[in-house]
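A quick write-up on the structure given underneath.
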Amino acid sequence: MPGKPVLHYFDGRGRMEPIRWLLAAAGVEFEEQFLKTRDDLARLRNDGSLMFQQVPMVEIDGMKLVQTRAILNYIATKYNLYGKDMKERALIDMYAEGVADLDEIVLHYPYIPPGEKEASLAKIKDKARNRYFPAFEKVLKSHGQDYLVGNRLSRADVYLVQVLYHVEELDPSALANFPLLKALRTRVSNLPTVKKFLQPGSQRKPLEDEKCVESAVKIFS
């Protein structure tokens, strides 16, 4: 019987957090091997585990997968979170890429120099409230279904809800004008697997604090 997936990254959100969320939503238990020093990263590079010399890396089904989107696609396919046909997968990909564009801004926020944080937060608020949230609200309104694609949970829903939580940590009233997104967040959060993941003590990572940022900089700089 195959073992649990093993996630190789530092002990923070970064580019691994969508992978943690998706595995959790699928009800898949996983282990984590945290990078703590530059030497830990060097060891993975030197033993050939990192095809492009970078993490995240996930050991799963006898493979050492890198590149976040490739990992997410594999997990989504394996656990039936990737639509029923090509058209649904195309929509899921399109929506997930939109979420990724917003996530790219959000995940860098803790690493922004103090003097630039105000401008960075303003950008996050603007992009979330005026570009991305309205687009996803419109999708949900257009078909009146519970989820973004095919009226069933997909990796796009999980990723969107993950980023909704992240944005709300920085901008608590971000969803005030988006009732369907709020309903989606609640719906996904109440799924037993996700509800468990949202409880204290789970493998979900908190918003990076100064100590976490310093640790990441030491490993990757």
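Positions of Cβ are set from backbone N, Cα and C atoms, glycine also.
Going by Swiss-Prot, these are the annotated features:
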BINDING   Y9, R45, Q54, V55, Q67, T68  glutathione binding site
DOMAIN    3-83  domain 'GST N-terminal'
DOMAIN    85-207  domain 'GST C-terminal'
MOD_RES   K4  N6-succinyllysine
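Every protein chain shown contributes to the tally, and the Cβ of R45 (glutathione binding site) ends up with 14 other Cβ atoms within 10 Å. Comparing local CB density within 10 A for the binding-site residues Q54, Q67, T68, the maximum falls on T68. Just so you know, the Cβ of K4 (N6-succinyllysine) picks up 13 other Cβ atoms within 10 Å once every protein chain is counted. Helix, strand and coil counts under DSSP for the domain 'GST N-terminal' (3-83) come to 29 helix, 16 strand, 36 coil. The average pLDDT the prediction assigns to the domain 'GST N-terminal' (3-83) is 98. Here the residue listed as 'N6-succinyllysine' is positioned 18 angstrom away from T68 (glutathione binding site), judged by their C-alpha atoms.
Secondary structure of the domain 'GST C-terminal' (85-207) per DSSP (helix as H, G, I; strand as E, B; remaining residues coil): 89 helix, 0 strand, 34 coil.
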